[in-house]
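Some features that TrEMBL has for this protein:
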type	residues	note
COMPBIAS	B:1-12	compositional bias 'Basic and acidic residues'
REGION	B:1-29	region 'Disordered'
TRANSMEM	B:38-60	transmembrane segment
TRANSMEM	B:72-92	transmembrane segment
TRANSMEM	B:97-114	transmembrane segment
TRANSMEM	B:120-139	transmembrane segment
TRANSMEM	B:146-170	transmembrane segment
TRANSMEM	B:176-195	transmembrane segment
Amino acid sequence: MSATAFGRPLDVDSLLHRRDPAVKLALVLVTSAVVTGVFDPWTPTALYLIALPAVAVAGRIPPRTLARAHVPFALFGLSLFTVNALTRQGEVVGTLGPFDVTAPGLAIGASLAVRTLLIGTLSLGFVLTTDGARLMTSLHQHVRLSGAFAYAVLAGYRLLEQLPQQWQTIRQAQAMRRTRAPGRGVQRRGSRAPHRPVALPRSPRALTRAAFTLLVTTLRRGERMSIALETRGLGAGRRTIHDPARLTPGDAVLTGVVLAVVTLVLLVSRHAGLLAGWGALGVFG
Amino acid sequence: MSARTDGPRRDTPSPAGPNGHSPRPTAPRRSPITLHDLVLLAALAVVFGFLYWALVQLWGWLQVAMGPFGDLAQNALAGGWMVVAPLAVYIVRKPGVGVVVEIIAAIVEVVFLASPVGPMLLLVGLIQGVGAELPFALTRYRRFGWSVFVASGISAALFNLMLGVVRFGWAGQDFFALRVGLQFASGILLCGLLAKVIGDALLRTGVLDNYAIGRAERAAARAQRR
């Protein structure tokens with residue numbers, strides 16, 4: 001994802017693109033909360049195998065984009081799997097160096113890893129089909145989020161869009177100043193070809209200084225924005241909404257389908273004796 | 001002119017009499033969070049959300065490289081994830097600020113940056129915000145010494161631990177004691193104390209002059225000159 005694409009949906013029209021952002025967010029949150037209580041590997045796997053093609057087709061997300069976005073989720077999941085497989089009590093099924101691999105550890109680790117992939121896929125489906133600004137409008141309308149809060153988040157979003165550019169500018173400026181500082185064994189101005197690009201300093205000290213400068217400039221910009229918003233009367237009472245977000249029958253259908261699928265998978269898994277909750281951890285008695 | 005106008009009123013109704021004078025000299029009253037404050041919180045949340053997001057990308061590789069200890073890296077770094085909450089409370093000094101800033105940071109990470117942790121971050125932000133803000137609430141947002149920041153770090157770490165026990169079942173693992181130790185050390189250093197260091201550094205630059213922290217600083221300077 002390129003830096004300029006923060007908070008912008010994929011540039012296509014799809015079933016998921018047309019749904020209301022607040023409804024989509026609520027569904028992702030509810031599903032994530034439900035699977036957080038599940039600790040067997042089978043239930044999240046079933047949900048994941050349903051969710052992956054469903055999100056890809058309904059959101060018209062190219063398989064390549066989906067695969068590339070899976071890398072961070074996969075790393076996170078792999079780490080969760082390793083730590084649980086090696087550090088839980090229970091029946092030992094093998095050893096790896098000084099650690100015992102246990103059966104409950106493998107099961108819980110696999111469950112948490114697949115859960116990460118599942119939640120990751122759902123969030124991708126949400127982010128890649130939702131416009132950030134529309135989400136705030138929808139939340140303002142349907143969840144009664146305060147207008148000031150919604151606009152503050154949107155102002156933050158505008159600042160975020162400029163951050164990568166700002167970061168680059170600050171680091172380049174600091175690199176320029178560094179080359180001019182005499183007597184440090186660094187290149188002096190004019191001592192080599194003038195158009196040769198200067199390497200940006202990568203020491204932790206330089207990065208910390210750049211991060212702090214980024215914070216200061218962003219706070220300055222933010223204050224200017226808030227003054228601009230206040231002079232336009234924002235935060236002074238009720239407002240009308242331009243281009244309101246309307247709930248459609250499609251949103252109800254989406255909600256019904258998602259909740260039905262999650263319930264069905266949980267019921268089938270329970271009927272098959274596979275479902276495991278907190279009890280699988282063996283901590284809460 | 002009546003004391004109450006129909007114009008913009010962001011503050012609580014003032015106890016001012018008809019001639020505009022307060023009947024009794026009280027401490028400056030605490031108004032709800034204004035738009036001015038909210039945009040500052042959003043700016044803070046954006047910068048920290050962006051830095052967190054960059055950290056998460058690196059952290060994924062670190063986790064896998066460290067094998068079974070990789071997941072513990074999470075506890076060692078956890079304090080840094082929460083530093084924005086005590087910092088925001090330090091600057092704005094109003095109830096709820098720590099929670100709001102954590103939630104905005106979570107929104108930024110989830111909605112705009114597609115964090116691998118997913119929308120559960122909203123809940124995580126809420127709980128971490130409450131944890132970090134609690135000690136400031138107990139001092140009624142009036143004390144900002146080092147000890148309160150240490151308490152904030154400890155409290156945030158505690159809330160984060162409880163959340164981890166529920167989300168990832170930490171309590172059944174072998175290294176639970178090590179996790180608790182790392183988490184508290186990280187909470188105190190990277191969340192509590194770092195917030196005060198950053199806040200004081202920002203104050204010296206002058207960007208915070210129009211917020212509660214800058215006003216308090218000027219009031220203190222005036223009191224000293226007298």
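Glycine is no exception: its Cβ is also placed from the backbone N, Cα and C atoms.
Where the annotation comes from TrEMBL, it is an automatic prediction and has not been curated.
Among the listed stretches B:72-92, B:120-139, B:146-170, the one sharing the most Cβ pairs under 8 Å with the transmembrane segment (B:176-195) is B:72-92. Same-chain neighbours of the transmembrane segment (B:146-170): 75, 78-79, 82, 85-86, 89-90, 120, 124, 127-128, 130-136, 139, 176, 179-180, 183-184, 186-193, 195-196, counting only residues six or more beyond its ends whose CB sits under 8 Å from a CB of the stretch. Beyond the ends of the transmembrane segment (B:97-114), by six or more residues, the same chain brings 33, 37-38, 41-42, 44-46, 48-50, 52-53, 82, 84-86, 88-89, 121-122, 124-126, 128-130, 132-133, 136 to within a C-beta distance below 8 angstroms of the stretch.
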